[in-house]
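> This is the structure, below, for whatever I ask next.
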Amino acid sequence: MFPLLFGVGLVILNLVTSAQSQKTEPLSGSGDQPFFHGADRYDFAIMIPPGGTECFWQFAHHAGYFYFSYEVQRTLGMSHDRHVAATAHTPQGFLIDTSKNARGQINFSTQETGFYQLCLNNQQNHFASVQVYLNFGVFYEGPEMDHKKKNERKQLNDTLDAIEESTRKVQNNIFHMWRYYNFARMRKMADFFLLQSNYNYVNWWSTAQSLVIVLSGILQLYFLKRLFNVPTITDTKKPRC
């Protein structure tokens, strides 16, 4: 009886531990300190195994603009299907949008503050891994950029307001130029891997065809030579009538 109770206790302990390890929101040391939510934008590449799923969480304040773009750069394995399923969820877990293509975008306005979940699913490829390039983040336009309340903002004169507005516009333009640059970089890497795959395919296929042609020529010469092979006739070895 004791071993059975001990085994049940271990199972319950493992369930509690696994449930705690799946918590995505980082905890602060005290109630006065804010949550650590990381940077506002990321861009990197990740390998997703066959039939696997990878999820990420991005913190965003309300009244912001969330962008999420991805592109499958190459496949490694028996299958060459480059389609993956991308989903975005609210901090409460509700589905926002879904994209099921080799490349796609999910853009939306953030209506609440919290950690938004982004997931990539490779369930369509059961025999191939995919390399996916990601570019996601959040930006803010207008007075909400500094995440402060209006009553905490200092009163500026007309000259400083004009300088601030011009600086904000320049910063937004630079940010959008950076996004377009990431789009071009995603396409460049995908085209590079495609060209490299086609180059290897043409080389291997040409080599195989060359070997088949040489082997077929040797076999034809061998059998053609055997047609003219006349056996030697002696007194003891004569052809039968």
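Placement of Cβ uses the backbone N, Cα and C atoms for every residue, glycine included.
Just so you know, TrEMBL annotations never went through curation; they're auto-generated.
Given the structure is predicted, the values throughout are model-derived calculations rather than measurements.
Found this in TrEMBL, in case it helps:
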- 1-21: signal peptide (SIGNAL)
- 53-138: domain 'GOLD' (DOMAIN)
- 204-224: transmembrane segment (TRANSMEM)
> On the DSSP side of things, how many residues of the domain 'GOLD' (53-138) fall into helix, strand and coil, could you say?
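Taking the domain 'GOLD' (53-138) as a whole: 0 helix, 62 strand, 24 coil.
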> Averaged over the domain 'GOLD' (53-138), what pLDDT does the prediction give?
90
